[in-house]
Amino acid sequence: MTVATEKTPHKSSSMFKLFSNKLRGNNDSTPAAAPAPVPTKKLTKAHTSAHISRSASTNTPHPLRNGVTGIPSASPAPRQMTRRSTGVTPTMVKSSKQLSTLTAHNSNPFRNKNGTISSASHTHNGPTNSQHMVYNPYGINNRPTETQSSVRGSSYSRHGSGSHISSGSASSTNNNTDLSFYMHDGDNKIRMLPLPIADPNEFLPDDIKQVSIHLSDNFSFDKDNKTIGSGGSSEVRIVRSNYRSKDVYALKKLNMIYDETPEKFYKRCSKEFIIAKQLSNNIHITSTFYLVKVPTTIYTTRGWGFIMELGSKDLFQLMEKSGWKNVPLHEKFCLFKQVAQGVKFCHDNGIAHRDLKPENVLLSKDGVCKLTDFGISDWYHKENEDGTIEVKQNAGMIGSPPYAPPEVMYWDAKKKYPTSMQKPYDPLKLDCYSLGIIFITLINNIIPFFESCNMDPKFREYENSYNNFIRYQNKNFRQKGTYKPGPGSEYMLARRFKNADASRVAWRLADPDPETRYTMEDLFNDPWFQSVETCVDVNDVNLVRHPQIKKTSSEGINLVNAADAHPIPSPMVGTDTNGGLHSDSENPAGTHTTEESVETPKPASIRELHKPRSMVDIAESPMKKAATTPLFTLDEEAKEERDHEQETNTTAEADNEKAQTVPTSAVDTNEFASKENATTTDNDNVNTKATTADPTTQQGAEITETGSIAGSISASISASITASMSGSVSGAATAPIPRRDPSNRSIHSNATSTGTAGRKKKVVHHHMEVPGSAFQI
């Protein structure tokens with residue numbers, strides 16, 4: 001018995017007890033580590049759907065005996081385990097004497113209290129055999145069943161699951177009825193207009209009503225689909241003409257803001273368009289062409305948008321470059337004066353911008369500054385009952401810090417200023433203060449302070465410096481008509497001007513006191529400001545090619561008959577009422593070619609267009625359009641480009657010849673006069689001599705014989721030269737040659753000078769070529 005016992009050990013009940021103690025790992029002698037805290041079931045907004053899909057058992061870290069946190073997926077050693085990872089209390093192993101049958105050893109320790117076993121979690125979203133599919137028009141319902149909720153946690157339970165499901169899935173418990181929840185991946189801050197979208201012509205005056213009101217009629221999105229700018233109320237994308245791929249424009253897509261109603265949205269957008277359209281005939285204003293309907297596409301949602309001139313960059317992007325500090329001061333002064341000329345043009349036309357900042361100043365490829373974004377602009381004139389007109393005072397927080405003056409910052413609700421300090425203010429002086437802060441930022445390459453209020457320490461320092469300069473150096477600094485030097489290098493915000501007169505202009509514009517602040521009239525009367533030379537003249541023609549409009553909208557066809565009754569030609573059919581280029585350069589003003597003109601349809605066709613279209617017509621419309629519309633070939637595009645280049649070269653040659661033949665100084669005039677006196681015998685009538693023996697006229701005849709220009713151009717050149725010489729000979733010998741009429745200037749010019757070739761510019765800034773220039777950074 002003893003040998004048999006040694007070969008086959010007897011497994012008594014005491015041995016089973018010893019084995020069970022071994023499994024427990026000396027729990028009697030060493031205290032076990034505290035169990036891991038059960039994770040809370042409530043999910044925060046910071047969690048993503050990836051966090052939610054994990055089960056509670058695999059996501060809970062297992063506490064170890066030695067207190068070291070282990071990896072959730074790693075299995076601890078048997079001796080180190082103090083509690084089963086499944087959370088089920090281990091069943092005590094009984095002695096074999098107490099087991100009635102062998103099946104007692106096959107009990108599953110993973111079953112729950114109800115005696116059922118939870119199904120294993122799966123990663124797919126489809127329903128299992130035990131689940132019922134719930135219909136969802138946006139896809140399969142990803143909400144788990146009650147069985148899965150017991151395993152994954154109460155965050156998937158039926159009570160309150162709508163607030164925890166990720167925004168990417170559409171749940172039946174989600175009470176959000178805003179369609180933008182599905183159009184913008186759950187971002188319900190961007191709201192869409194309800195259908196149908198209103199016709200823009202219903203909100204526009206008769207003189208600027210449009211024939212085409214749909215974006216897709218004549219424009220298409222750029223293939224790169226880049227958002228070149230975005231804000232709280234709009235986003236800007238690039239669109240191209242459907243007829244000339246090289247004609248690129250900017251689409252400013254307008255969005256609804258806050259709790260704005262559709263009616264308020266339409267009025268706000270139409271007001272901005274009317275103001276921008278009214279100011280589009282100036283070289284320092286970004287041209288705005290059309291107000292169109294924008295359809296829902298993969299790029300953007302439905303709404304309204306502006307077709308605008310596309311700028312190269314804005315002034316803020318220019319100043320944030322690392323090499324901006326190396327740009328010469330005279331170029332910075334040039335850019336500042338261009339911005340000031342744009343602001344003055346707005347004020348002269350009765351409009352206050354009210355949101356001037358470097359981000360709202362665009363630059364063309366030629367280096368011309370252009371104001372943009374008239375979203376909060378307004379007409380500042382107010383007509384009283386007695387017929388007098390005065391400036392309309394504003395109230396409320398308007399503009400962007402730090403470009404908003406102190407009198408505006410008092411209206412900021414976050415600052416909690418007393419109501420006694422909140423007084424109405426002049427919107428024109430708001431623009432002047434913003435212009436002064438832009439000038440200081442332009443020179444110092446830093447924003448002087450964050451907010452123009454006494455709660456900002458930098459502004460308090462600037463205000464103290466302002467008062468100290470007046471108290472100790474220039475007591476008459478704020479007096480009107482005083483042009484003494486301004487602050488010098490001892491003041492931080494005047495140090496980099498390196499010119500006391502320039503710092504005077506900047507500080508007078510940015511005067512914290514609106515009563516003594518520079519106005520636009522004071523600025524343009526300042527001697528230093530008048531001496532600043534710019535590379536562009538304010539009277540130069542705006543060189544912007546207007547888009548071609550060849551396709552009309554069904555809503556705008558009735559306007560074709562009304563267009564003939566208006567004395568002002570519509571700018572939508574290729575005529576430029578602003579003095580700029582036509583959509584087709586071959587068209588004279590007030591005429592339309594057969595390519596761009598809109599034929600007046602018959603009344604029967606108009607009635608048919610207003611009938612609802614069937615689904616068959618909608619499906620067949622692309623095939624009908626492809627069969628009737630000829631494709632635009634490369635030969636036609638090349639021919640159009642050659643014709644345009646030939647016309648440009650012809651006009652440029654005429655301007656160059658005219659510039660060479662006109663005397664540019666009094667010395668040339670005397671030389672021409674001496675030659676006339678030597679070749680004529682009649683000394684009584686000087687005008688007759690100049691007419692009969694003018695060598696310039698002979699030169700013009702030779703040019704005509706060689707065929708370089710037309711005879712009419714030569715005759716006009718000769719007549720102008722004769723008149724100039726007659727006046728110079730009969731008058732003083734040092735009399736300057738009068739400048740040409742701005743209305744007769746040529747609209748063709750090079751990239752370095754936007755003026756005409758016949759008039760020499762004061763200064764030419766080659767922004768694209770000068771080393772260290774702003775455009776070479």
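Quick reminder: no glycine exception, Cβ is built from N, Cα and C everywhere.
Lys252 is the residue from Lys246, Lys252 that Swiss-Prot records in the ATP site together with Ile228, Gly229, Ser230, Gly231, Gly232, Ser233, Ser234, Glu235, Val236. The most densely surrounded of the binding-site residues Ser230, Ser234, judged by C-beta neighbours within 10 angstroms, is Ser234. Most Cβ neighbours within 10 Å, among the binding-site residues Ile228, Gly232, Val236: Val236 holds that distinction in the structure as shown. Counted over all residue pairs in Ile228, Gly229, Ser230, Gly231, Gly232, Ser233, Ser234, Glu235, Val236, Lys252, the record's binders of ATP, the longest Cα to Cα distance measures 15 angstrom.
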